[in-house]
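Beneath this line is the structure, given in structure tokens, with notes to follow.
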Amino acid sequence: MQWRSLVLGLLLLRLGLQALLALLPALAPGLCLRRRFPFPFPPPPAAPAGSSHWGSLLRRGGGDGGATGGDEYEQRYSGAFPPQLRARLRDAARGMFVFGYDSYMRHAFPRDELDPLHCRGRGPDHDPSNLNINDVLGNYSLTLIDALDTLAVMGNSSEFQKAVKLVIDTVSFDKDSTVQVFEATIRVLGSLLSAHIIITDTKQPFGDMTIKDYDNELLHMAHDLAVRLLPAFENTKTGIPYPRVNLKKGVPPDSNNETCTAGAGSLLVEFGILSRLLGDSTFEWVARRAVKALWNLRSNNTGLLGNVVNIQTGHWVGKQSGLGAGSDSFYEYLLKSYILFGEKEDLDMFNDAYRNIQNHLRRGREACNEGEGDPPLYVNVNMFTGQLMNTWIDSLQAFFPGLQVLIGDVEDAICLHAFYYAIWKRYGALPERYNWQLQAPDVPFYPLRPELVESTYLLYQATKNPFYLHVGMDILQSLEKYTKAKCGYATLHHVVEKTKEDRMESFFLSETCKYLYLLFDEENPLHKSGNKYMFTTEGHIVSVDERFRNSLWQDILPGEEDSAEKIKPNELKAVNFSSNCNRVPDERRYLLPLKSNYMRQIDRMVGLI
């Protein structure tokens, strides 16, 4: 009996130690226990086969929840994706867009946004402190404008033509509205230019999207809006624009002198297209001057930029360097400006920035799919020292795997994407800010953002691995289950509690629905066009062609003609720049894009298993 007592005692001791280890993460803050940087999780043990958790996920994802034997990740993800299922999901994504768009037109137009819970429209409320609303809403039918090219991509020529005529006939920018220059540029200016390019395309790949008696009205409207945004670039000592402008009166007298890097440095694509379509260098010149001003303020020590700067002094008010809010699209547009305009200096800046990001922001093992150590993750650091500033990342950073696809860094993109997908699997959405050390949301709302869908789409186009179709199916089902409302789709106020807010942002129709639809629409004309199209940061499609290769801005930047080396479209070999970059070396093709043991490690990293 003594040996039985001894065995029982050892068993109880082991259970007690396991319980204590399980409680340590919760007790750590109170006990002032510090976890080893960068990640607070142990090496991954083998998960039990047929775990009930994954059984439920398989059933929710439409897979074979009753399958037994083998690895549960391979059971769920590695099988063929039936064409019939893909077609149904394509139709479901289109139905999601149609429901949101029709609800907006029925209940909200001509106001800017739809309140999907109360079935009504909303516009600016003119409360200067309510920047979350008034930075975006300008009293110019924002959602309709932002959705124009999605209608074309989905092949709905009749509604596209109707919507364009509505915009031409009813929208004016002569408004006493103070808007954020960045938001007005990417959502409104970019969409007007995209729709104009679609209408005037002689090949008409999406069907007949021409407008009878069209006289470049959308281009004229884009010009009018851009002229109203130009005062933001005046009376600034650095050349970095003011963050906000009144469309009728110019920069407000009490305007803030502080702006974020992404807001000031992500105007070049839209302003450059406008300049080259009009033959007027003004718009590209002011946007390019802002990019160079920000670039020249980077740290001499790390080469990094901060996230908030004073436009008069050039002093960094926010010293955080990361890939999320305040910084994200600055890096995106360095690369995409090069893709579109072929200016080598844009690529040089991007390459330097990417190298510094890898050196200072990336943590974890060197390779994604091999080796020991923690999974790779990009963290927020001090721009001058490279030291960790906090332990959270935000949902906007989920765009970065898609950007890595465009430069051919597919393996690293696979790993980072898996981290954000693991968070999505845990909550059925991406919290606006997630604390990877606490394994919990810091800011728990989800405003229907598209970044994870965008990266999923681009990774599928790069690898053709059906894993990403499964990811898209998960996202689509979560949106239907948790965000669908009486008259559209609603922001999640809390990703854990699944409570809703009465707002459907315009990017849900312009980006989230578009990327989901394209993910499942294998035969879309966009996928048959080779390297012709590029997506803006708001998901608007623009053609990559010779007419955007003629520089206009050197004539007012003396001495730069010799330094601005031009790259022709057929010489773009340094980057894999198409939205359908589907050539990946054979050695990067896996049964799953990420080996099961590493997928399991990432899932454990976010507390999913």
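The backbone N, Cα and C atoms fix where each Cβ goes, glycine too.
TrEMBL lists E183 (among others) with the feature active site, proton donor. Counting only residues at least six positions away in the same chain, the Cβ atoms of D135, V136 sit under 8 Å from the Cβ of E183 (active site, proton donor).
Per TrEMBL, the feature active site maps to D328 (among others). Around D328 (active site), the same-chain residues at least 6 positions away in sequence with a Cβ under 8 Å from its Cβ are A262, L396, Q397, F399, F400.
The active site, proton donor annotation in TrEMBL covers E432 (among others).
If you look up TrEMBL, you'll see E451 (among others) marked as active site. Less than 8 angstroms from the CB of E451 (active site) sit S395, L396, Q397, A398, F399, G402, L430, each of them six or more residues away in the same chain.
Using a 10 Å Cβ-Cβ cutoff, T537 (Ca(2+) binding site) registers 24 neighbours. As annotated by TrEMBL, Ca(2+) binding site applies to T537.
Per TrEMBL, signal peptide is recorded for 1-22.
Rounded to a whole number, the C-alpha distance linking E432 (active site, proton donor) with T537 (Ca(2+) binding site) is 18 angstrom.
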